[in-house]
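Visitor: Okay, so TrEMBL annotates it like this:
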- 36-53: transmembrane segment (TRANSMEM)
- 59-78: transmembrane segment (TRANSMEM)
- 145-164: region 'Disordered' (REGION)
- 145-154: compositional bias 'Acidic residues' (COMPBIAS)
- 155-164: compositional bias 'Basic and acidic residues' (COMPBIAS)
Amino acid sequence: MDKEQKNIATPQDEHDSALEAFAVNATKYIGSTTSLLLHSFFFIGIFSLQWFGFSFERIMLILTTVVSLEAIYLSIFIQLTINRQSRQIEEVSEDVEEIQEDVEEISKDLDEIQEDVEEIQEDTKEINADVEGIQEHIESIEENVEDLSEELEKDDATDAAERNADMQKINKIENVLEELLQEVKKLKK
């Protein structure tokens, strides 16, 4: 039976529900201290009727009739309460079964998530290894760049020194040529 069908209330269901509620309240009341006291006073009162001229047989007839009717109704109320509780227990057991199914599904989902997490962890380890390899390559490249920079600086320094030396030689040659030109001019004169 669907939950929707269970939730649709008919006038008979409402009447049964009210009767069941009355039965539950009656059985709760009968099992209370107040009920014990009232029954005790009732029995004392019934037996006190002898002092007012009622015969013992008549009192016992009324008492047994009332007690029998009370016992019959009480047993009916108890049975109604038991039936109601049985239905509630059945509904609860259905809910428990549904919850167990949900728990099983959640457990399966958790297992899948755990597998995914493990795969992600493995991927992360691989990525970290790749990153370390890349970092090593970068460090190697940086070292090569530093070495090349140092060599270029040395080459630049060497080239600059050679240029300076060449410039000095050229300056010396120019000076010598000027001296020669001046000597040639002196000789021409």
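Along the chain as shown, the residues are counted starting at 1.
The backbone N, Cα and C atoms fix where each Cβ goes, and this holds for glycine too.
Describe the structural surroundings of these features, if you would.
Guide: Sequence-remote contacts of a segment are chain residues at least 6 beyond its ends whose Cβ falls under 8 Å from one of its Cβ atoms, and for the transmembrane segment (36-53) they are 59, 62-63.
For the transmembrane segment (59-78), the residues of the chain that approach it from at least six positions outside its boundaries are 22-23, 26-27, 30, 43, 46-47, 49-50, judged by C-beta separation under 8 angstroms.
Sorting the compositional bias 'Basic and acidic residues' (155-164) by DSSP state (H, G, I as helix; E, B as strand; all else coil) yields 10 helix, 0 strand, 0 coil.
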